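Undergrad: Dropping the structure in here first, questions after.
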Amino acid sequence: VSEAEISREAADMEMNREKYVEELKKALIAGEESAGKYNFAISRDEENMECHFSYERNLKDGSFRLGSLKLQEVPSPAEVVKELIGYCLDCLGRLQAKNEHLQKENERLFSDWSDVEKRLEKCVEAKEELEADLYNRFILVLNEKKAKIRNLQKLLNEAKESVADAKCTRGSISTTQMTTVRENDYDGSTDEESENLTQASLPSAPERKDSLLGSPDVIDTAPRRKRRQRTAKPAGTGAKMATYETELSAKEKPDLASQKTSGKRSPDVMSLETLENTCEVEDLFDDI
């Protein structure tokens, strides 16, 4: 096919020459992409003894003719057949080499897949062993936690019981203390009343004694002798008076101590003792 014929057919198809050449290559060179897309036909003219080769492209709604060639008779068809057979053998060799390469690649991939499968099986076994180990450890930890929880609950119950017992004990102790305090308060009130009565009776005797001794208006009803009129005191009178006052103070101190401790003598008894003491003083003065 000459270049002029290709340019003429591209012009008839209203296509660019380069694009038309690409379409011819796709149509005339067999390939996976061109399978089913092109149709080829050979027609023979009996009158002129010519053969035409046409090729078309299939579309969705129909097909359009890409071009046609006029086949010429060759003087030595054996050479043409030889070339065709050589071309086919070359293609077959290339395809066989490609097939062998793909087969080797397939074997390599299969071996890799086997290794990966073995590794995956080992990983699965290791995973199962690890899961079993973790499960056993989890069971042990869970049992320990349950035991600790039971012990803590036991301790908590014991603590609650001890707190309740302590509260009961405190309640009983507080009740006993309140009862004791009330009894002590009752006894203390009676003691305070008796002490108040005793303290109220104690000052009466000294006050009565002081009133009898210091008051000039007390009338002495006891019989006594007439006093002698003295013009001058003897020389030993001062010493006897000092001795008498010492004895009198010594007598009065035990009497005051006995009055404070007992608190049971009446004011009348105190007044009688005071009168007797005054009588004794006067008798001493009379004797002097």
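Backbone N, Cα and C atoms are what each Cβ position is placed from, and that goes for glycine too.
The structure displayed is predicted, hence computed values, not measured ones.
Take a look at what TrEMBL says about it:
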DOMAIN    1-72  domain 'XRCC4 N-terminal'
COILED    3-30  coiled coil
DOMAIN    76-152  domain 'XRCC4 coiled-coil'
COILED    142-169  coiled coil
REGION    175-274  region 'Disordered'
DOMAIN    181-286  domain 'XRCC4 C-terminal'
COMPBIAS  186-195  compositional bias 'Acidic residues'
Undergrad: Can you name the far-off residues of the same chain, 6+ from the ends of the coiled coil (3-30), with a Cβ under 8 Å from a Cβ of it?
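TA: Tertiary neighbours of the coiled coil (3-30) are 37-38, 55, 57, 66-67.
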Undergrad: By DSSP, what is the split of the domain 'XRCC4 N-terminal' (1-72) into helix, strand and coil residues?
TA: 22 helix, 26 strand, 24 coil
Undergrad: The domain 'XRCC4 N-terminal' (1-72): mean pLDDT?
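TA: For the domain 'XRCC4 N-terminal' (1-72), the model's average pLDDT rounds to 75.
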Undergrad: Residue counts in helix (H, G, I), strand (E, B) and coil for the domain 'XRCC4 coiled-coil' (76-152), per DSSP?
TA: 76 helix, 0 strand, 1 coil
